[in-house]
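> I grabbed these lines from Swiss-Prot:
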{"type": "BINDING", "residues": "ARG17, GLU18, LEU19, LYS20, LYS118, ARG520, CYS521, TRP566, GLU610", "note": "5-methyltetrahydropteroyltri-L-glutamate binding site"}
{"type": "BINDING", "residues": "ILE436, GLY437, SER438, GLU489, ASP604", "note": "L-homocysteine binding site"}
{"type": "BINDING", "residues": "ILE436, GLY437, SER438, GLU489, ASP604", "note": "L-methionine binding site"}
{"type": "BINDING", "residues": "HIS646, CYS648, GLU670, CYS731", "note": "Zn(2+) binding site"}
{"type": "ACT_SITE", "residues": "HIS699", "note": "active site, proton donor"}
Amino acid sequence: MTTTTHILGYPRIGEKRELKFAQEKYWRGEIDQAELKKVGAELRHKNWQTQASAGLSFAVAGDFAWYDHVLTTTLLLGHVPKRHRHGFPDLDTLFRVGRGQSQSSCACHGAAASDMTKWFNTNYHYIVPEFSKEDTFEVSWPQLFEEVNEAVQAGHNVKPVLLGPLSYLYLGKEIEDGFDRLTLLPRLLTAYQAILAKLAKQGVEWVQIDEPILALELEKPWLDAFKLAYQVIRSDVKVLLTTYFDSVVDSLDRIVELSVDGLHVDLSAAPEQLDAVLAKLPQNWVLSLGVVNGRNVWRSDVKAQLERLQPVKAALGERLWVASSCSLLHSPVDLELEAGLSAEVRSWFAFAKQKVSEVVLLGKALDGDAAAIAQCEAYSQPIQARKSAAHVHKATVQSRVNAITAELAQRSVPYAERARHQAEVLQLPLLPTTTIGSFPQTSEIRVQRSAYRSGQLSSAEYEQALKGHIADAVKRQEALDLDVLVHGEAERNDMVEYFAENLAGFQTTQFGWVQSYGSRCVKPAIVVADIEREQPITVGWSTYAQSLTSKQMKGMLTGPVTILCWTFPREDISRKAIAQQLALALRDEVSDLQDAGINIIQIDEPAIREGLPLKKRDHQNYLDWAVEAFRISAASARPETQIHTHMCYSEFNEIIESVAALDADVITIETSRSNMELLKAFEEFNYPNEIGPGVYDIHSPNIPSEEWIVDLVKKAAQKIPVERLWVNPDCGLKTRNWPETEAALANLVSAAKRLRKEFAKETTAVNSEAVADVETEA
């Protein structure tokens, strides 16, 4: 009885980010579409060959995306937003939806990108589908079928992957009032019928249909819709219904009624669901168990997994499939490239290519292969050795964590009193202007960093080069007349990796890249041991920048929850414990910054919402310790020290109480893509502190006009008192170039100055009316 082995998807970016570099060359006009497509084809074939050479039963097709797999599905379904429809959809259409289109690049007066948000509780972003009640769907984008043909012609046994109809609808949003997007399901199912019919004609036996929303706490109408949907799209192609990121026990009674041929569940995220799934699994279904974690870099304990799976194999026989927990999109590509790792550390890890081999090894061992069983034993030994390593578990760190009290997470005085102290010290105007922290990482900076790391630049030479970039950033900001400056973060390759490189307990990699969105990739550090700060990290750069200007300089820190969410965490201790260790380290940095004369310190927490568990019943426990971690890091600040925080792409309604509980003096948020909709949560909650709603989208190359910014700030002022508003971009400017940055910021500053005058006139007029009323009454 041969065990079927497969994965849910493979990284699409290439082991050295080949796709990223090709995309960006294409966008700059340096290569044509044919050259870009050639790079994509080469990556796909290499990925399929990796899977086939390892011995997987299937090669996955349809997991490749030019920007995002949800956006690919949008084009597959002929569902392009109207503002981006210019003839038959092509690759440029896809990029317009994802990136937007400036007025200067077309005759259509520009078109905004679609919203982008987090993919469940990961750091991957997807482009949000837009729905209106007149929408129709038609299969018009051939990418999936072309890639199936490519794989078949290359000799692979293909399993296409497709985002399911209910998840596609659920992950989108209505763009007009008065209708429920679920009413579009019958029309959408017609398109899915056509897709499956085409795949059947191509000879496909199995298709993987991803319905990750089944791991959520779905409302009854959504859950009930599944039965009809899968009856309607039933075809000659066998369907593996795929779920991941959490347990599906809540939805299991509905799932087992569906017209499908198998179910995949994520045992890495929710191992406790196995017994319930086995008890209710239909007799004719296969069961795919995701036991190799697709979201991390840790070597799988295949010995333990084998022992766990053997009884399931005995019960199900060939109906048991072994798989990755989710797509390996969330893992780096290949550990073999990491020449700089010690043998011990290397033995702890497995990247996507190695995880494929783990899946295959488990399949062979389950089939009784004696050599594979012995290999499982040997492969798991480093995991056991790590459990007792003294350099992993540090007594000094444990002692400090154990001493945490409620008082440690409390600022010395309430916000209202702090605000008075800060107003006296900072002397800022109405609608103060600032940026979120980073400035363009120019090619010169990247070349110098590379030269330093390769030994071509000495430490002293590199430090002088960085000081030059900092001085340049300060000079540009002063010329723009921004109110609160930043040093620009030239010394940081990444907002998390930089801290990981300067805190004990982390391991960084050279090629550990994963996709964040579009062409943007991140290289998460790995928490390998207890975390501690051995010396100041940012103080020298911030104080140097402050010495160059009489304006206020913001210190820039990445918060404990974001560092946790944007790194690969340990599996042997809780996320809460890691967050506490990080908070204590950052608390020391806050103390040193203010002692060095930095009066404003930003502790970025853009990832705080994405850390939420998928089940709402688990939210409060997470939010309690996440808020505590932030407060521990900030609470060493004196009353006159203003603490800022920044959050990205967050839907705040369900966490607004916890956002307020952070007790940051100023919060900056991304709001421009949502046209200030996100501020409703702050308005309804009567959020008491200061807010900087982002007034332009830094993820798009479009430069906002002064009028655009004025309009957004006025909308914000309808929801938040103007005296508590700041004016700033949505996010850091690292990925933009200097001409774009300066043009946008010039419009931002001029908009703020114009609005100060307008609001001052309104205040004067109101005061005059009040005086006149008093005189009349007299």
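Every residue, even glycine, has its Cβ placed from backbone N, Cα and C.
Not measured: the values here are computed from a predicted model.
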> Starting from the Cβ centroid of ILE436, GLY437, SER438, GLU489, ASP604, which together make up the recorded L-methionine site, report each further residue of the same chain whose Cβ lies within 8 Å of that point, ordered by sequence.
THR435, VAL486, MET495, MET556, GLN602, HIS646, CYS731, GLY732, LYS734
> Run through ARG17, LEU19, CYS521, GLU610, HIS646, GLU670 for me and report the binding-site residues whose CA is within 10 Å of the CA of ASP604 (L-homocysteine binding site), in sequence order.
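So the list reads HIS646.
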> Compare the C-alpha of GLU489 (L-homocysteine binding site) with the C-alpha of each of the recorded positions GLU610, HIS646, HIS699, CYS731, and give the closest one.
CYS731
> Restricting to the recorded positions ARG17, ILE436, GLY437, SER438, HIS699, which ones have a CA within 10 Å of the CA of CYS731 (Zn(2+) binding site)?
ILE436, GLY437, SER438, HIS699
> Taking Cα atoms as reference points, which of the recorded positions LEU19, GLU610, CYS648, HIS699 is nearest to ILE436 (L-homocysteine binding site)?
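Ranked by Cα distance from ILE436 (L-homocysteine binding site), first place goes to CYS648.
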> Tell me the Cα distance separating HIS646 (Zn(2+) binding site) from LYS118 (5-methyltetrahydropteroyltri-L-glutamate binding site), rounded to the nearest angstrom.
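Cα-Cα distance, LYS118 (5-methyltetrahydropteroyltri-L-glutamate binding site) to HIS646 (Zn(2+) binding site): 16 Å.
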> Let's check the environment of ARG17 (5-methyltetrahydropteroyltri-L-glutamate binding site): how many other CB atoms sit within 10 Å of its CB?
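Taking all protein chains shown, ARG17 (5-methyltetrahydropteroyltri-L-glutamate binding site) has 18 Cβ neighbours within 10 Å.
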> By a 10 A CB contact count over all chains shown, which of the binding-site residues listed here is most packed: LYS118, HIS646?
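Checking each of LYS118, HIS646, the winner is HIS646.
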> How big is the gap, in Å, between the Cα of HIS699 (active site, proton donor) and that of SER438 (L-homocysteine binding site), rounded to a whole number?
13
> For HIS646 (Zn(2+) binding site), just give me the three-state DSSP call.
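Reduced to three states, the DSSP call for HIS646 (Zn(2+) binding site) is strand.
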> Measure from the Cα of CYS648 (Zn(2+) binding site) to the Cα of every one of the binding-site residues ARG17, LEU19, GLY437, GLU610, then give the nearest.
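The smallest Cα gap between CYS648 (Zn(2+) binding site) and any of the binding-site residues is with GLU610.
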> Considering each pair of residues in ILE436, GLY437, SER438, GLU489, ASP604, all listed as binding L-methionine, report the largest CA to CA distance in Å, no decimals.
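Max span of the L-methionine binding residues, Cα based, is 13 Å.
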> Nearest to CYS521 (5-methyltetrahydropteroyltri-L-glutamate binding site) by Cα, among GLY437, SER438, HIS646, GLU670 (binding-site residues)?
SER438
> I need the nearest neighbour of HIS646 (Zn(2+) binding site) among the binding-site residues ARG17, LEU19, GLY437, SER438, GLU610, using C-alpha distances.
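When the Cα distances are compared, GLY437 comes out closest.
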